[in-house]
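Database features (TrEMBL):
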| type | residues | note |
| --- | --- | --- |
| DOMAIN | 1-248 | domain 'ABC transmembrane type-1' |
| TRANSMEM | 6-30 | transmembrane segment |
| TRANSMEM | 82-102 | transmembrane segment |
| TRANSMEM | 108-128 | transmembrane segment |
| TRANSMEM | 179-202 | transmembrane segment |
| TRANSMEM | 222-241 | transmembrane segment |
| DOMAIN | 287-523 | domain 'ABC transporter' |
Amino acid sequence: MLAYSFINLGIGVFSFFTILIPVALNGYIAENVVDAIKLRFLASILKRDGAFFDKPETSNAKLVSMMNSDVPQIKSGLDHRLVMFVNNVVALVVLLIEAGVFCWQMTVAGFSMCVFLVVIMFICMRYSHLRTNRVQAMTTHANLAVEIIENVRTIQLLNREEYFSTRYEASIHEVRTQYICAAVFESIVFSIGMSSCFLADAVSYSVGVPLLYAGKLKPGNVFVAAMAINVVSWALQFVGITGLELMRAEPACSAIIPLLDESIDNDGNSTTESEDDGVSPPINGSVVAERIEFAYPARPNIKVANGLTFEAPEGQMIALVGPSGGGKSTIIALLERFYPVQSGKLTVDGTPVSKFNLHHLRNHMALVGQEPVLFAGTIKDNILLGIEDGGFDDVQNACRLANATGFIEKLPLGYETEVGEKGAMLSGGQKQRIAIARAIARNPQILLLDEATSALDSESEKAVQEALNSASKSRTVISIAHRLSSIQDADHIYFIEGGRVVESGTHTELVGANGKYAGLVRKQRLNK
Ligand SMILES: Nc1ncnc2c1ncn2[C@@H]1O[C@H](COP(=O)(O)OP(=O)(O)OP(=O)(O)O)[C@@H](O)[C@H]1O
Ligand SMILES: [Mg+2]
């Protein structure tokens with residue numbers, strides 16, 4: 001009996017420390033691990049190419065949901081629940097041995113009961129896990145909420161409030177169905193756990209008491225074995241409950257962990273290169289495309305570049321024009337290496353873009369895109385994003401060149417004005433001028449302008465165009481424009497249709513040739 005007291009004292013002390021220390025540290029450890037996962041996840045995402053974001057399973061909305069909902073879920077598999085699980089498994093094993101020493105018959109009976117219950121609990125947990133897709137339902141639900149809130153104005157203008165409310169209600173219903181289904185299985189596991197102590201007691205006493213009456217066991221042995229089996233069954237409850245919690249973290253882990261390794265894509269193939277890969281020669285800015293073929297990975301059967309050939313000699317401005325969907329922006333995506341060229345050659349200063357160190361290549365380019373992208377912060381912060389070691393002088397200089405100084409200085413806080421989320425507190429034209437200033441501030445060898453002045457009124461466009469013309473002098477410029485007024489003075493114009501160049505020459509030559517470009521000119525009444 002004294003031995004029994006010592007064993008239980010030992011287990012008590014063991015439990016105290018093995019629970020106290022890890023649980024006391026759980027906030028610290030679990031938070032740190034989750035923060036590290038978040039940082040690694042983001043670092044991995046920032047290195048991905050365009051094809052990665054085109055996949056539905058790693059779309060922008062999915063990634064946001066993974067970062068905001070799934071990563072915190074992983075915490076439930078790391079905090080005090082993990083400690084409780086391990087602790088109770090250890091207690092369960094030790095107490096079973098103890099019970100076995102005092103009465104093996106009661107232990108076999110009690111243990112068999114426990115095993116039977118554990119198997120049922122495990123089957124329920126697996127079944128619950130397989131039959132429910134809570135993470136998927138929750139992700140879809142969260143994505144829809146973000147989409148609705150981001151686009152409230154468009155929804156109001158389209159008078160589709162009811163439609164989106166109905167869709168939202170349906171997604172709530174789907175989430176609820178998944179959770180109710182899971183709750184049924186969980187309640188079975190929980191109930192088995194809660195009743196296991198009584199069942200184990202019943203079984204062990206039904207074996208132990210007849211042995212006692214038959215004089216084959218001492219009362220002390222029956223008492224100790226019964227107590228130990230009772231505690232085993234309580235430990236089993238905790239194992240079941242904490243096991244359930246741990247299983248909740250599993251779907252989140254299986255979604256997030258494969259993405260942490262940035263060198264593996266979602267099909268398990270090796271993708272990205274290290275930061276040091278590739279050559280870093282000085283870049284002068286001569287761009288040549290020779291018979292490029294390209295189809296987006298998401299639509300492999302549709303050729304977007306189909307034998308595309310053009311040249312942008314160092315220091316010259318070339319223009320790409322043509323119908324919508326012809327493949328103009330795709331050329332920029334290939335040059336910036338968001339996608340690899342599938343056949344043909346795309347070179348900068350004679351070196352294929354694929355051979356360059358990616359940072360080095362992108363450091364020598366700047367893009368003003370179709371939709372100017374600004375970040376929450378001040379005007380100054382946004383422009384400084386373009387320059388690594390820039391100061392306020394560089395910001396002012398770039399703004400002057402982009403014809404943005406006038407409107408910025410009229411704002412009460414000037415360069416310190418907050419632009420709002422995605423630049424929401426500025427007009428389209430103001431955003432575009434800040435994006436141009438940011439590009440100019442980078443002092444790139446290759447300036448890429450994709451409809452860079454499309455949001456400006458004709459007065460501002462003229463002024464920004466002049467600024468762009470002067471900023472273009474010492475660099476190669478590839479300019480895409482629907483408004484031909486902005487590219488008439490280009491050294492060479494390529495008319496792109498169906499992924500290939502169908503006409504090329506200067507403005508005067510192309511107008512003289514009276515082809516597709518001339519037709520476009522006539523439409524825009526530009527003929528001088
Ligand atoms: N990420 C993508 N995945 C699949 N297809 C794409 C993707 N991006 C563009 N496309 C398709 O590639 C084609 C060329 O698109 P691109 O954006 O290059 O046209 P564009 O000439 O710039 O048109 P616009 O003048 O309207 O800007 C289009 O048919 C478009 O639908
Ligand atoms: Mg485009």
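Here the Cβ of each residue, glycine as well, is placed from N, Cα and C on the backbone.
Curation plays no part in TrEMBL annotations; they are all automatic predictions.
Counting Cβ pairs closer than 8 Å and at least 6 residues apart in sequence, the transmembrane segment (108-128) and the transmembrane segment (222-241) reach three or more and so form a contact. For the transmembrane segment (222-241), the list of distant contacts is 1, 4, 84-85, 88-89, 91-92, 95-96, 98-99, 102-103, 106-107, 110-111, 114, 117-118, 121, 189-190, 192-194, 196-197, 199-201, 204-205, 208-209, 211-212: same-chain residues at least six beyond its ends, Cβ to Cβ under 8 Å. Long-range contacts of the transmembrane segment (179-202) within the same chain, counting only residues at least 6 positions beyond its ends with a Cβ under 8 Å from a Cβ of the stretch, are 110, 113-114, 117, 120-121, 124-125, 127-128, 131-132, 134, 226, 229-230, 232-234, 236-241, 244.
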